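Asker: As annotated by TrEMBL, transmembrane segment applies to 30-59, 71-93, 105-126, 132-150, 162-183, 189-211, 274-297, 312-335, 342-364, 384-409, 429-448, 454-472. Residues annotated as domain 'Major facilitator superfamily (MFS) profile' in TrEMBL: 34-476.
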Amino acid sequence: MTIDLSMPGSSGLLDDVGGKKHMNFFSNRYVLALTGAAGIGGFLFGYDTGVISGALLYIRDDFPAVRDNYFLQETIVSMALVGAIIGAAGGGWINDTYGRRKSTLVADMLFALGSLVMCAAGGPYILILGRLLVGLGVGIASVTAPVYIAEAAPSEIRGGLVSTNVLMITGGQFFSYLINLGFTEVPGTWRWMLGVAAVPAILQFVLMLFLPESPRWLFWKDEKAKAISVLEKIYDSDRLEEEVELLASSSMHEFQSDGTGSYLDIFKSKELRLAFFAGAVLQAFQQFTGINTVMYYSPTIVQMAGFTSNKLALLLSLIVAGMNAAGTIVGIYLIDRCGRRRLALTSLAGVVVSLAILAMAFILQSSSDICSNALNGACQGALGWFAVAGLALYIAFFSPGMGPVPWAVNSEIYPEAYRGMCGGMSATVNWVSNLIVAQTFLSIVGLVGTGLTFLIIAGIAVLAFIFVALYVPETKGLSFEQVELLWKERAWGNQGNRQSLLGAAP
């Protein structure tokens, strides 16, 4: 089988292989069911990042040792991030060795166990242990869910389906704010907030018992009959034949190997290095352009803007979380129409503008010469709303683009033998960057001021724009095999593609 590499507008690669029929997003209920079940891991990911900010208020009331110890408070919050870093780092290997389905089951067990440990914690150190267990589960899930969805998805709707997992993350964050508000008057408030997360983890565990392994992982492990039985539920007979033939012919050298790969191989291979560089740096920029600063500290930012009421700050934060989820829905619609690269570039351009607005609002607010004494209150109030408008604009631009695009790109740019490992390493970069931002934002604000801090983040967003323009290729509509050829072409030119096709021929 030959692959035409002449698609206009997609780095020289063909979008349609053999005249295959294209699916729309809702045309296959089976694929949607797989996506929904896998996306529960994303929901848990989002819920945990959002719920702890509200729970900590009540944990401090129950444990005097926590109330008077800022280090313990930071450890309770950060230990889940530490666990996520470890889980993501090991989750890639677990995925490639034991499969996507078993990895999801392990993540669910860790998350449910951690939630129950936190719910029953009699002291801060048991609570920290529970946070670590939950973090391990979140880290593994953050690697597994995008890969599992991508490997079951038809190429023409793969971006939207993987972005559905990001919608579940943002939906989990929104739900966590609702839970924070809903349990404020319930005895044992924080225990309910943290313990209720065991329910979706158990639900996903049960659902995954009835769902199949990733067909591409099964094919890679030479369980072709099982793989084809799954693919039969996704494609019609004509498309099925083409997908299986493409999968077998272009990757036969991988399937005939011992099925193992090492982390060192990633850095020895030029095309793998290029792919990992693009994917990992994109994940880092997702964090360093400020999204979790906004999500973790949105109540603080709102109060910095001059709104001192806790209730109003929480309400505006809930609106921010809702906008984040709504923007992700827009991203699901656009990612397979506009493409990953264009969506990311547009997103980053808007992020730069909105961060500049935020920065100017805080800089003007801190200047005593801007507002006269007579109009000081009205002026400060106007600048406060200007800051909130910048915050809303930031979410409106970030959530459709830089929210889903890094996860979608990382789920599709690596070869099958290294997809788990590379995905795990890039997710680890994301979590480490997340931790750095969470631990340094307020310190930088204290050092240089809120306005200059947002200007620094805007500068990072400019660097991210340049990086995407130079190093991230368009993968919209491409099969995994075509994406592999794309990186070989970037690494070695057309000669690398010809050699790859000859090596894959039966």
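Placement of Cβ uses the backbone N, Cα and C atoms for every residue, glycine included.
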Asker: Cβ pairs under 8 Å only, please: of the recorded stretches 30-59, 132-150, 189-211, 384-409, 429-448, which one is richest in them relative to the transmembrane segment (71-93)?
Answerer: 132-150
Asker: With pairs restricted to those 6 or more apart in sequence, evaluate whether the transmembrane segment (454-472) and the transmembrane segment (162-183) have 3+ C-beta pairs under 8 Å.
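Answerer: Judged by the Cβ rule, the two regions do not touch, with the required three close pairs absent.
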Asker: For the transmembrane segment (189-211), find every same-chain residue at least 6 residues outside the stretch whose CB is under 8 Å from a CB in it, and list them.
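Answerer: Same-chain residues near the transmembrane segment (189-211) but 6 or more away: 33-34, 37, 40-41, 43-44, 47-48, 51-52, 54-59, 62, 101, 104-105, 108-109, 111-112, 115-116, 118-120, 130, 134, 137, 179-180, 183.
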Asker: For the transmembrane segment (105-126), name the stretch out of 132-150, 312-335, 342-364, 384-409 with the most CB-CB pairs under 8 Å.
Answerer: 132-150
Asker: Quick check for me: are there 3+ Cβ pairs below 8 Å between the transmembrane segment (429-448) and the transmembrane segment (342-364), leaving out pairs under 6 residues apart?
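Answerer: Touching, no - the transmembrane segment (429-448) and the transmembrane segment (342-364) miss the threshold of 3 or more Cβ pairs under 8 Å.
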Asker: Cβ under 8 Å, sequence separation of at least 6 from the ends of the transmembrane segment (162-183): give me the contacting residues as numbers and ranges.
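Answerer: For the transmembrane segment (162-183), the list is 35-36, 38-51, 53-55, 145-146, 149-150, 153, 189, 192-193, 196, 295, 314, 317-318, 321-322, 324-325, 327-329, 331-332, 335, 399, 403-404, 407-408, 411-412.
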Asker: Same chain only, please: residues at least 6 beyond the ends of the transmembrane segment (30-59) with a C-beta under 8 Å from a C-beta of the stretch. Say none if there are none.
Answerer: 66, 73, 76-77, 80, 104, 107-108, 111, 124, 127, 131, 134-135, 137-138, 141-142, 144-145, 148-149, 152-154, 161, 164-177, 179-181, 189-190, 193-194, 197, 200-201, 203-204, 207-208, 211, 233-234, 292, 295-296, 299, 321
Asker: Please figure out which one of 274-297, 312-335, 342-364, 384-409 racks up the most CB pairs under 8 Å against the transmembrane segment (132-150).
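Answerer: Between the candidates 274-297, 312-335, 342-364, 384-409, the best contact partner of the transmembrane segment (132-150) is 384-409.
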Asker: Let me spell it out: take the transmembrane segment (384-409), skip the flanking residues so only those 6+ beyond its ends count, and list any with a Cβ under 8 Å from a Cβ in it.
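Answerer: Contacts with the transmembrane segment (384-409): 146, 150, 158-159, 162-163, 165-167, 170, 278-279, 282-283, 285-286, 289-291, 294, 298, 301-302, 304-307, 316, 319-320, 323-328, 330-332, 334-335, 340, 343-351, 353-355, 357-358, 360-362, 365, 430, 464, 472, 475.
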